[in-house]
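As written in TrEMBL, here are the features:
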- His103: active site, proton acceptor (ACT_SITE)
- Cys111, Cys114, Cys162, Cys165: Zn(2+) binding site (BINDING)
- 1-201: domain 'Deacetylase sirtuin-type' (DOMAIN)
Amino acid sequence: VMTGAGISTESGIPDYRSEKVGLYARTDRRPIQHGDFVRSAPIRQRYWARNFVGWPQFSSHQPNPAHWALSNWERLGKLYWLVTQNVDALHTKAGSQRLTELHGCMHRVLCLDCGEQTPRRVLQERFEVLNPTWSAEAHGLAPDGDVFLTEEQVQSFQVPSCSRCGGPLKPDVVFFGDTVNPNTVDFVHKRVKEADSLLVV
């Protein structure tokens, strides 16, 4: 089974392209580009400030009946493998284990220098320690868990570095303009070839 953003909209996570309700239909905002995030500390600061505000809501979303059905099929031996482009961890929350998250998962954070992986909830605690008096009111939720903030709100936000090497931190997701790991792509191609049918949700 392959799933995309539409399976998570019923859980309250907006997508990019749905008519009238997707991010592209509601606003002229566009998702962050990989190259911009890697090159620019101010862009990382803006991203993490927005993500910090949006995280409590984004991380609280729960699986809907579609996620539970696919997990149940796996338990019953009717689902061989599940591939999702979603980064919301809702398949994992529903109990799916034979799973490839093609674009990664927002619930993990990577150091761009040493590759150290940290749970996103741990980073939220570090944000809170570094920004004890900082607060910002969100102006709408985006599909990947961040919110819209003004530049003034962002400028005073402190962003932690990797606790192991001091490098910059990035969500363990494939941003627009980046590529999916070739080994992951090969793995998924093999699973598709082994399957005797394919359901796209």
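Just so it is clear, glycine is given a Cβ too, placed from its N, Cα and C backbone atoms.
The shown structure was predicted, so the numbers you read here are calculated from the model rather than taken from an experiment.
Annotated features, which come from TrEMBL, shown on the structure.
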{"residue": "His103", "record": "active site, proton acceptor", "Cβ neighbours (10 Å)": "17"}
{"residue": "Cys111", "record": "Zn(2+) binding site", "Cβ neighbours (10 Å)": "19"}
{"residue": "Cys114", "record": "Zn(2+) binding site", "Cβ neighbours (10 Å)": "11"}
{"residue": "Cys162", "record": "Zn(2+) binding site", "Cβ neighbours (10 Å)": "18"}
{"residue": "Cys165", "record": "Zn(2+) binding site", "Cβ neighbours (10 Å)": "12"}
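Apart from Cys111, Cys114, Cys162, Cys165, the residues listed for Zn(2+), the same chain places the Cβ atoms of Leu112, Asp113, Gly115, Glu116, Ser161, Ser163, Arg164, Gly166, Gly167 within 8 Å of the centroid of those Cβ atoms.
Across the structure, Cys114 (Zn(2+) binding site) and the residue listed as 'active site, proton acceptor' are spaced 20 Å apart at their Cα atoms.
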